[in-house]
């Protein structure tokens, strides 16, 4: 422990990371640097600064940064270019936030001369893996302190007792039993875990959802919006250009208004267990559908199918914490190359929990009406050619069947 003189802590200002802050001071006798990232969680972050100061952190060692634009531009959008979904449903809202936080912790560690970084992820979850794989990928010699794998404060009662003894300010909600769920939010989504959600037989309570109205209570009138794309990224809604963070914020508002993006999921964690989580991803759900819509007329068939084949692997890499790995970067290069001609607009219909593409157009379109039409195409497509095409593709199956018959 003696070689760790300074440590950069991913700090939210909440109970857990405040206890970790004090625990690091007590057990490592190290100078603590706090890093708090605004990635759109919707919380006031200045209380984190105030609490850090109360716990003895120097003003120069408190870093609070607005990373919303970087988060959406450099992490969310690249992921959505691949139409990324984990296990058929999950849009990876928590997973994609960890690489950015890890990156900034390492950058701050370099700038401040810290020998170690620390996080508040538990020893049961995926986040410990995501954070630490990022740390080691970006700074191979960094030391990592994961308190939940070291200390004996394994219950809320023990955490509260430690906090009271250490003089850590405790919010009333924690004294009254804590929040009803473990929640994590950023501009892409909000997640809910724990408490009665740990029983997969129990339906989530109606008042749990924060960002979306119930689809049953959504407006009776459908809403149509046009989303413009450039190189696979959304850049404008109804003709109004928006920054990356503004785009996702507005899509969240629209999706939430129409009850879009709710998900109740049992997923397979990288650490081996199954875990239930509920998610609200209104803007991301719209983006996924719209992006597939513009790709449908701009991507070559085999390129589109190759992307689909790679997507599951790409999703697992992000979910499991390998954003900074060479294989994820390699896939990203290919994905980004496919998006060069993904330009145009998509019209989507938002209605009572559903989003559907109803129109799309692009100067780069590969849709040729003269060939695709059911009417007379003037010779653009010779239907007689299909006979030879079919026979050649049936040849191997005909050979196999003839061989079977000869064998009796």
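The backbone N, Cα and C atoms fix where each Cβ goes, and this holds for glycine too.
Record features (Swiss-Prot):
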- 10, 11, 12, 13, 14, 15, 16, 17, 18, 37, 120: ATP binding site (BINDING)
- 90, 95, 126, 130, 182, 191, 267, 279: L-citrulline binding site (BINDING)
- 122, 126, 127: L-aspartate binding site (BINDING)
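Counting only residues at least six positions away in the same chain, the Cβ atoms of 128, 148 sit under 8 Å from the Cβ of residue 122 (L-aspartate binding site). Sequence-distant contacts (6 or more apart, same chain, Cβ under 8 Å) of residue 120 (ATP binding site) comprise 10, 12, 16, 17, 20, 147, 148.
When the alpha carbons of residue 130 (L-citrulline binding site) and residue 14 (ATP binding site) are compared, the span between them is 21 angstrom.
The 10 Å shell around the Cβ of residue 14 (ATP binding site) contains 17 further Cβ atoms across the protein chains shown. Cα spacing between residue 126 (L-citrulline binding site) and residue 14 (ATP binding site): 20 Å, rounded to the nearest whole number. The binding-site residues listed here are 12, 95, 126, 182, 191; among them, 95 has the most other Cβ atoms within 10 Å of its own Cβ. When the binding-site residues 14, 18, 127 are screened for a Cα within 10 A of the Cα of residue 95 (L-citrulline binding site), the ones that qualify are 127.
Here the binding residues for ATP are 10, 11, 12, 13, 14, 15, 16, 17, 18, 37, 120. Their largest Cα to Cα distance works out to 17 Å. Remark: of the binding-site residues 90, 279, the most isolated position is 90 (fewest other Cβ atoms within 10 Å of its Cβ). According to its DSSP assignment, residue 120 (ATP binding site) is coil. All protein chains shown were included, and the count of other CB atoms within 10 Å of the CB of residue 10 (ATP binding site) stands at 22. When the Cα of residue 14 (ATP binding site) is compared against those of the binding-site residues 90, 191, 267, the shortest separation belongs to 191. Counting other Cβ atoms within 10 Å of each Cβ, the binding-site residues 16, 267 show the lowest value at 267.
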